[in-house]
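Below is one structure, written out as structure tokens; comments come after it.
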Amino acid sequence: MTSTPHHPDLRSQLETLTTEAFRPELAEIDQLPTLDIARLMNGEDATVPAAVAERLPEIAAAIDAVAVRMARGGRLIYAGAGTAGRLGVLDASECPPTFNTGPGQVVGLIAGGPDAMVTSIEGAEDSPELARADLDALALTADDTVVGVSASGRTPYAVGAVEYARSLGALTVGLACNRDSALAAAAEHGIEVVTGPELLTGSTRLKAGTAQKLVLNMLSTITMIRLGKTYGNLMVDVRASNEKLRARSRRIVALATGAADDDIERALTATDGEVKDAILVLLADVDGPTAARLLAESGGHLRAAMAAALG
């Protein structure tokens, strides 16, 4: 299990990380006009997608592996500290309304627990034991996936989570923003998006955080596409929990079917508001219970259910 390094050792570690590098050409950035600083920052941010693009093969391989586990009932679990942990919690929290996932299907763990979302929890990121306890509380199984997220790639909480998860047979992914990181080495799927030195020295909530957000977007979104949570580029598993989402549900059914508003309302009523079921009712001319059965038999994949209904 990873141990917390002493301060001199940690300082020497940080000096080797590109995300911590000092940029002398920016030493007087505080003397520049605001617009010039904004242009500099925007230019820095524009380099991030290219850094992510270099790692697309590794990202795609991880997604395919995650989808296999989740299709067997496994969970997607993010583990990180500070900004990295908050980004994992954010991505996990968006999955239920977007893809109608169960509350425990995509989970974000942040070192120090929920309070760490808004305040710093002293020493939490330095504890691999805390990561192990957090995973034990979830009753981790071999069908689950743990994604450790850390800009430095050395955060003990993230590395510890991946090491422990892998020891239990779970799938592991390590997302870091430095080369040759301990986190990527500990994981079955290492993804190192090298974003380089930050505009503000060591402030990895900037380019590194942006890169992490882009990769987490891909991990969750494309995994859900693989699991049949979309129909084309339509969010057919959206959970209509408010008026905006109810309106979006009607629009999705309209885009998928071209049906009249009255027919859409009848189909949504017949399927208790389930968008995917309503589309099947309209396109395959089946009733609500039949649509639900066909989708269940097709593992939730609308195209497969449609083929079964029409074939």
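Glycine is treated like the rest: Cβ placed from N, Cα and C.
Small disclaimer: the values here were computed from a predicted structure and weren't measured.
Features as listed in Swiss-Prot:
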DOMAIN    66-229  domain 'SIS'
ACT_SITE  GLU94  active site, proton donor
ACT_SITE  GLU125  active site
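With all protein chains in the displayed structure included, the most crowded Cβ environment within 10 Å among the active-site residues GLU94, GLU125 is that of GLU125. A gap of 24 Å separates the Cα atoms of GLU94 (active site, proton donor) and the residue listed as 'active site'.
If you take every residue in the domain 'SIS' (66-229) and average the pLDDT, you get 97.
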